[in-house]
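> Before anything else, here's the structure in question.
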Amino acid sequence: MSKVTSSTLLKYKQEGRKFTALTAYDASFASAFDGEGIDVLLVGDSLGMVLQGHDDTLPVTTAEIAYHTRCVRRGIERSLLIADMPFMSYATPEQAMENATALMQAGANMVKLEGGHWLLETVTKLTERGIPVCAHLGLTPQSVHVFGGFKVQGRDAENAQRILDEAKALEAAGAQLLVVECIPESLATAITQALTIPVIGIGAGATTDGQILVMHDVLGISSGYIPRFSKNYLKQTGEIRSAVRAYIEEVANGTFPSSEHTFS
């Protein structure tokens, strides 16, 4: 089975084929997800909440992301592996270069950064030096205290236009993928149609090129707050691999996300 690359995902977008992504943090789960056909695995800073028990993602370090990236890398053969760059690990282009290099050396195929216009120089410099970038707009969890909580972004015309403009600028700067989180489906549609690169949604409706969820939500093992955009597939299937297959199938046929998982 051929490895998934950014070119693979671009081809999927051009063909109108929906693809799936999940977070993963260890070799065993990563191997199961990879074996069932998940296209993209993300070592997310969400590990700060679902593994470490923090209230947000801010305490996570680059060393911790690198550790889990090495674990996941050992478990996969096909999936594209993205590593999150944690809070304040890319405040300057120079800092971003150092930390992104560490994550690539740990086994990542790409790094993910949260932010808009202020990141353009960093995205360009990383890309020019051979480090592929996945950008992240909308609800960016590392900015949770700026937003005043985990809230839907881009509902008013001004902010929607800003997010759309930032998406275009990040693509022009060299980003190869874009994640949009917790934005209205209409805005996600506009972004997906405006960009050549693939767009991955989470809480952004069904029109993006791909979908991503946190594995703990898919398997129904999250504690505390359960996001509206998530779905417990283990509850309906009773087995982990079957849950992953159900997620892949529902994304492919357009039944997930449905209106109950979508914001307006």
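Yeah, the Cβs are placed from backbone N, Cα and C, and that goes for glycine too.
As annotated in Swiss-Prot:
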type     : residues                    : note
ACT_SITE : GLU181                      : active site, proton acceptor
BINDING  : ASP45, SER46, ASP84, LYS112 : 3-methyl-2-oxobutanoate binding site
BINDING  : ASP45, ASP84, GLU114        : Mg(2+) binding site
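Can you walk me through where each of these features ends up in the structure?
According to its DSSP assignment, GLU181 (active site, proton acceptor) is in a strand. Long-range Cβ proximity for GLU181 (active site, proton acceptor), meaning a same-chain Cβ under 8 A and a gap of 6 or more residues, is found for HIS136, LEU137, GLY138, LEU139, THR140, PRO141, GLN153, GLY201, ILE202, GLY203, ALA204.
In the three-state DSSP scheme, ASP84 (3-methyl-2-oxobutanoate binding site) falls into the strand class. ASP84 (3-methyl-2-oxobutanoate binding site): 30 other CB atoms within 10 A of its CB, across all protein chains.
Other Cβ atoms within 10 Å of the Cβ of GLU114 (Mg(2+) binding site), summed over all protein chains shown, number 23. In the three-state DSSP classification, GLU114 (Mg(2+) binding site) falls within a strand.
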> Determine which residues of this chain, when ASP45, ASP84, GLU114 are set aside, have a Cβ within 8 Å of the centroid of the Mg(2+) site's Cβ atoms, and list them as they appear in the sequence.
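Once ASP45, ASP84, GLU114 are set aside, the remaining close residues are GLY44, SER46, THR57, VAL60, MET85, PRO86, PHE87, LYS112, LEU113, HIS136, PRO141, GLN142.
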> How big is the Cα-to-Cα gap, in Å, between ASP45 (3-methyl-2-oxobutanoate binding site) and GLU114 (Mg(2+) binding site)?
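Cα-Cα, rounded: 11 Å.
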> So if I draw a 10 Å sphere around the Cβ of SER46 (3-methyl-2-oxobutanoate binding site), how many other Cβ atoms end up inside it?
21
> Looking at 3-methyl-2-oxobutanoate and its recorded binding residues ASP45, SER46, ASP84, LYS112, figure out the farthest C-alpha pair and report it in angstrom, whole number.
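Those residues reach a largest Cα separation of 13 Å.
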> To the nearest Å, how far is the Cα of ASP84 (3-methyl-2-oxobutanoate binding site) from the Cα of GLU114 (Mg(2+) binding site)?
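Pair distance, Cα basis, whole Å: 9 Å.
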